[in-house]
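The structure under discussion appears below in the form of structure tokens.
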Amino acid sequence: MAAPIGRTLLGVAKGWRQLDRLWAGSSRGLSLEAAPSSSRSPWRLSGALCLQRPPLITKPLTPLQEEMAGLLQQVEVERSLYSDHELRALDEAQRLAKKKADLYDEEQDQDVTLAQDLEDMWEQEFLQFRPGARETEADKKNDRTSLHRKLDRNLILLVREKLGDQDLWMLPQVEWQPGETLRGTAERILATLSENNMEAKFLGNAPCGHYKFKFPKAIRTESDLGVKVFFFKALLLTGDFVQTGKKGRHVWASKEELGDYLQPKYLAQVRRFLLDL
């Protein structure tokens with residue numbers, strides 16, 4: 001009886017030793033596979049800010065839109081109920097008819113402003129009203145550094161930065177720092193631009209696009225190939241961007257004007273996440 005039990009225990013012990021050897025081997029394999037991941041990537045990480053000024057006025061209507069708007073306005077007038085002012089005008093018309101028929105007490109008319117008097121007053125105020133011009137002084141001068149241009153379009157902030165021996169236009173960007181999120185990097189960009197107290201609303205925590213570029217050959221190495229840039233969108237709420245002593249180093253460009261500044265490959269990636277509704 002003791003012999004079978006001893007053989008069983010001996011088999012269990014051998015099984016544990018084999019399992020231990022397999023576990024040790026797999027641990028060494030895992031440590032060897034994990035070792036390369038601890039080495040530094042040859043690509044730097046950066047966050048970029050796509051800061052947009054939304055439209056301040058609506059776009060002009062096309063002829064088809066004007067025709068449709070007129071049709072809808074006509075339908076609205078025909079199907080709508082009378083307003084308080086219209087009911088008052090109808091009541092005054094009835095009283096005027098009674099007055100002509102000598103069935104109306106004139107004492108009820110004392111110190112009462114008629115609806116027609118109000119309409120005449122409103123008409124005078126309307127004639128004195130002058131709407132603001134759709135075309136600003138910056139539009140006339142084609143001053144793209146001004147935020148007060150193309151009021152019916154989205155405008156995007158571009159800055160001119162020196163990369164190696166080249167001056168390139170791009171969205172504002174800074175290098176990612178260990179310990180911060182990529183959105184935190186984008187928020188840090190806004191903080192550096194906020195000398196003029198700009199406030200903006202970020203649209204989400206995830207990047208809306210990315211771009212990868214290599215450094216110029218003069219500064220490129222095997223351990224430092226280039227930069228991977230992650231874009232974050234934000235809408236400008238208040239403030240303006242002014243660079244003291246750096247005239248011509250920034251522009252507020254519309255979507256159609258981006259091609260005048262950005263490199264083709266960079267522009268292709270930026271246009272993928274831009275919507276101009």
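Backbone N, Cα and C define each Cβ position, glycine as well.
As written in Swiss-Prot, here are the features:
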- Lys217: N6-succinyllysine (MOD_RES)
- Lys228: N6-acetyllysine (MOD_RES)
- Lys246: N6-succinyllysine (MOD_RES)
How big is the gap, in Å, between the Cα of Lys217 (N6-succinyllysine) and that of the residue listed as 'N6-acetyllysine', rounded to a whole number?
17
Going by DSSP, is Lys228 (N6-acetyllysine) part of a helix, a strand, or coil?
strand
